[in-house]
Amino acid sequence: VTWDSPTDPSNPLNWPRVRKWSILLITSLGGLVTLMSGAMLAPALKSIGADLHMESAETEVALSIFVLAFAPGPLVLGPCSEVFGRRWVWVLSGSWYILWNTVCGFANTKGLMIAGRFLAGLGASAEFALSTPISSDCFRPEERGMSMAIKQFIPLLGPAIGPIIGGVITDSINWRWLFWVLSIFDIFVVFTVFIFFPETHHPTILARKAASLRKTTGLKYYSATEIGSPTLAQRLKVGLSRPFRLLVTQPILQLMSVFLAYNFGILYIMLSTFATLWIDHYHQSTGTSGLHYIAIAIGYSIAVIIGGPAQDRLWKHFTKKNAGATAPEYRVPLILPGVLLIPIGLFWYGWSAEKHLHWAMVDVGAGILGCGYILSGVAAQSYIVEAFLQYNASAAAASQVLRNIFAFAFPIFSPRMYQVLGYGWGNSLLAFLFLAIGVPAPIILWRYGARLRERGKPQR
């Protein structure tokens with residue numbers, strides 16, 4: 001069983017644009033909840049620590065356990081979405097997050113808080129496992145640039161607006177409401193997906209079509225996926241092992257994993273320490289410190305406005321130039337400006353803070369860094385989609401393991417780094433390392449990407 005025709009209306013690629021964008025936007029709101037769940041708690045660290053009898057470092061680690069759970073989560077959820085479909089995995093994961101995030105609001109011991117944060121993080125990691133595959137399910141290659149930019153932009157607003165909302169709630173109500181407000185919002189998101197949005201995973205749609213034909217005709221109709229792995233147990237065995245096999249056997253995925261990991265680690269260092277800079281060094285209030293995250297959001301927005309359409313135009317240009325032939329390397333050119341803007345932003349932000357310049361100078365540096373992250377990150381993730389189109393959920397999960405570990409670990413050592421080196425040399429160290437890791441990446445991809453993909457072992 002396959003699609004009835006190239007214009008089959010049951011194929012998500014042929015759905016009306018309104019439906020496609022509605023699915024992308026509402027699922028991106030789930031990602032917004034995920035990243036708000038970390039940043040929104042920053043203004044409440046002292047209150048939570050005092051109520052649960054934890055030292056400052058203990059509180060930060062306890063709440064960062066949520067981010068650590070992002071590492072194993074996609075390894076299970078991504079492959080499961082290739083077996084059971086995106087919709088049910090997304091809905092059940094969101095419900096799991098709601099349950100344990102709500103429990104965190106009732107926690108009276110640090111043990112329950114740590115356990116609740118880790119279990120909530122497993123559910124919240126569905127954003128990292130499924131947002132890219134859902135985008136690739138619904139949008140054709142020449143449309144994916146803008147869709148990938150939007151799906152990454154909306155979640156990253158979480159660290160920008162989270163501290164603002166968190167400061168207001170902590171000061172006016174109670175830190176426990178931080179968890180409950182997020183759970184209430186995510187209930188709305190999950191309910192909307194459950195009621196209104198259909199399945200987007202192509203093999204799952206075709207498998208259900210085959211099952212319907214078997215039932216109505218009595219004949220042996222099957223989809224290609226069912227023929228390759230006829231039993232559920234076999235499909236799960238193959239699917240759950242696929243991210244590990246991809247990461248071990250695909251050199252191109254190993255390169256992208258390191259690149260994305262360092263990118264994400266740098267972003268999380270800035271997000272986790274930005275409020276502290278304004279409170280401790282510029283002596284601003286908690287509420288005012290949260291407003292500076294708007295500068296990062298402005299940087300994101302500029303990258304989306306410029307980068308999204310540019311990705312689509314470049315894809316069409318290279319496709320036309322090569323007589324309709326496509327290649328993942330068409331996504332590479334926009335990685336380069338991103339990797340140049342990130343160290344520029346680090347130097348600007350770090351030395352402006354070190355010299356205690358006007359707050360606007362620091363914010364400009366943060367905005368440049370945010371812009372560079374979106375430009376390079378969207379292009380890199382788009383490359384992975386095109387390179388592993390058949391198994392993009394597993395490939396995305398494999399590429400994010402190291403990234404999520406870095407996001408957990410980097411903010412733990414960054415306060416000590418800034419204490420010893422200061423913001424100037426601390427950020428300069430990060431920038432120099434990024435120049436060594438980030439700048440060669442697009443050059444290697446452009447010149448040797450095809451060869452590296454050929455060296456990878458075939459998958460099933």
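Cβ atoms here come from the backbone N, Cα and C positions, even for glycine.
Database features, via TrEMBL:
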TRANSMEM  21-41  transmembrane segment
DOMAIN    23-453  domain 'Major facilitator superfamily (MFS) profile'
TRANSMEM  61-77  transmembrane segment
TRANSMEM  153-171  transmembrane segment
TRANSMEM  177-197  transmembrane segment
TRANSMEM  252-279  transmembrane segment
TRANSMEM  291-310  transmembrane segment
TRANSMEM  330-351  transmembrane segment
TRANSMEM  357-380  transmembrane segment
TRANSMEM  401-418  transmembrane segment
TRANSMEM  430-450  transmembrane segment
- Message: Cβ under 8 Å, sequence separation of at least 6 from the ends of the transmembrane segment (21-41): give me the contacting residues as numbers and ranges.
- Response: 48, 63-64, 66-67, 90, 94, 97, 101, 120, 124-128, 130-131, 134-135, 138-139, 147, 150-151, 154-163, 165-166, 175, 178, 182, 185-186, 189-190, 192-193, 196-197, 200, 271, 293
- Most Cβ pairs under 8 Å to the transmembrane segment (252-279), of 177-197, 401-418, 430-450, goes to 401-418
- Query: Taking the transmembrane segment (153-171) as the reference, which of 177-197, 291-310, 330-351, 357-380, 401-418 gives the largest number of Cβ pairs under 8 angstroms?
  - Reply: 291-310
- Query: the transmembrane segment (291-310) vs the transmembrane segment (177-197): three or more C-beta pairs under 8 Å (separation of 6 or more)?
  - Reply: no
- Message: Counting only residues 6 or more past its boundaries, what in the same chain has a CB within less than 8 Å of a CB in the transmembrane segment (177-197)?
- Response: 22-23, 26-27, 29-30, 33, 36-37, 40-41, 44, 87, 90-91, 94-95, 97-98, 101-102, 104-105, 165-166, 169-170
